[in-house]
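Here the structure is laid out as structure tokens; the discussion comes afterwards.
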Amino acid sequence: MQIYKVGGAVRDRLLGRPVTDIDWVVVGASSDEMLARGYRPVGADFPVFLHPQSGEEYALARTERKSGRGYGGFTFHASPEVTLEEDLTRRDLTINAMAEDEQGRVIDPYGGQADLEARLLRHVSPAFAEDPLRVLRVARFAARYAGLGFRVAAETLALMRQLAESGELQALTPERSWKEISRALMEPNPEVFIQVLHDCGALAELIPEVEALFGVPQPAAHHPEIDTGVHVLSVLQQCARHRQPLSVRWACLLHDLGKGLTSEADWPRHIAHETRGVPLIDAVNQRFRVPRDCQELARLVGEYHTHAHRALELRPNTLLELLQSFDVYRRPQRFEEFVAASEMDARGRLGLEQRDYPQAAYLLGAAQAARAVSVKPLVEKGLKGAELGEALKCARLAALKAYKEERGKA
């Protein structure tokens, strides 16, 4: 029985990065032997055990064979006869197919160290093309390590393109797809994730609404980058730079979907793209069963982001309607995230990344002014029901008028 550290822990140590999770593979052992040593079984599909002291995962060396469509279409075989090299060959990338023995020696049968040096994300074997989830995983690794100079090897990108064309991506479950997408959006360079999917044809299969934005022009006066797809990539880059949460990053990815519906005759203008994009945002949210907070923010940002850009020009009653659309009195954080997404949109323009966005402070101040209105004096007057609601609305409108006038003097 031999135990090896495998995968990400070996890769990250060699890259000089912090090692957080450690995976282990056990060669030459059976399930009965693991149980006899006090390991606790947890694997439903193949033999994985928890160490009795550390709680870390130890998996028996195994091989896998394609037996059906999709991520789950594999038959696994684990036995004491399976070698370390056989176990490593089923892994996705060479940089993830290295092991380390108990003396700290690296076992690298597929050239992972050379690819680390060359900054290449390269598949281990042609079996890579049997698992559609690997398209998303490789794009996610590209987003994680882009800052270190990593790129996807040309031959691996070709296999990813083959997978995209095969229709296998449609076999991915919404949950698995969302897990990879959400993790990728939180990487240091989420725009690289979308770019890689675009380059290999997978974006057209998974989120055709975003793919449709590439090649669609915008007015150069407002968008020096012109291409809407390029703009979305730049907005995601700003999200990472400003450490925005997942909900903001997801909303920014989808905020301009309506521009993909504009007829070429109307280019580069995109009249009413905000409202036209809402059904597309809803469709993408439903496709991946996106968490409710991300769904709601994406929908609201898509519909109202141009309101944010024009915030300083909005009349008090329009401003009040905007605040009420976000239920800012009970859910202030959602409005704050909307403002953040709108600012990322404004900054995601070529050459304008550092431009001030005074609309952010103005909108947050307006929300504070409206929320500061107390209902108590109105209740004490004996108002209730619809009458109370109307009086509260009038009081908030008055507060916003005063706020706008005060800001106008500043």
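Our numbering is plain: 1 for the first residue shown, then up by one each step along the chain.
Each Cβ is built from the backbone N, Cα and C atoms, and glycine gets one as well.
In Swiss-Prot this protein carries:
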| type | residues | note |
| --- | --- | --- |
| BINDING | Gly8, Arg11, Arg91, Arg137, Arg140 | CTP binding site |
| BINDING | Gly8, Arg11, Arg91, Arg137, Arg140 | ATP binding site |
| BINDING | Asp21, Asp23 | Mg(2+) binding site |
| DOMAIN | 228-329 | domain 'HD' |
Name the secondary structure element type, per DSSP in three states, that contains Arg91 (CTP binding site). coil
Other residues with Cβ within 8 Å of the Cβ centroid of Gly8, Arg11, Arg91, Arg137, Arg140 at the CTP site? Gly7, Asp92, Leu93, Ile95, Asn96, Phe141
When DSSP is mapped onto helix/strand/coil, what comes out for Gly8 (CTP binding site)? helix
In whole Å, could you give the widest CA to CA gap in the CTP site formed by Gly8, Arg11, Arg91, Arg137, Arg140? 15
Under a three-state DSSP reduction, the secondary structure at Asp23 (Mg(2+) binding site) is strand
Rounded to a whole number, how many Å is the Cα of Arg91 (CTP binding site) away from the Cα of Asp23 (Mg(2+) binding site)? 13
Restricting to the domain 'HD' (228-329), what is the model's mean pLDDT? 96
Take the C-alpha atoms of Arg11 (CTP binding site) and Asp21 (Mg(2+) binding site) and report the distance between them in angstrom, rounded. 12
Sorted by position, what residues of the same chain at least six away from Asp21 (Mg(2+) binding site) have a C-beta under 8 A from it? Gly8, Ala9
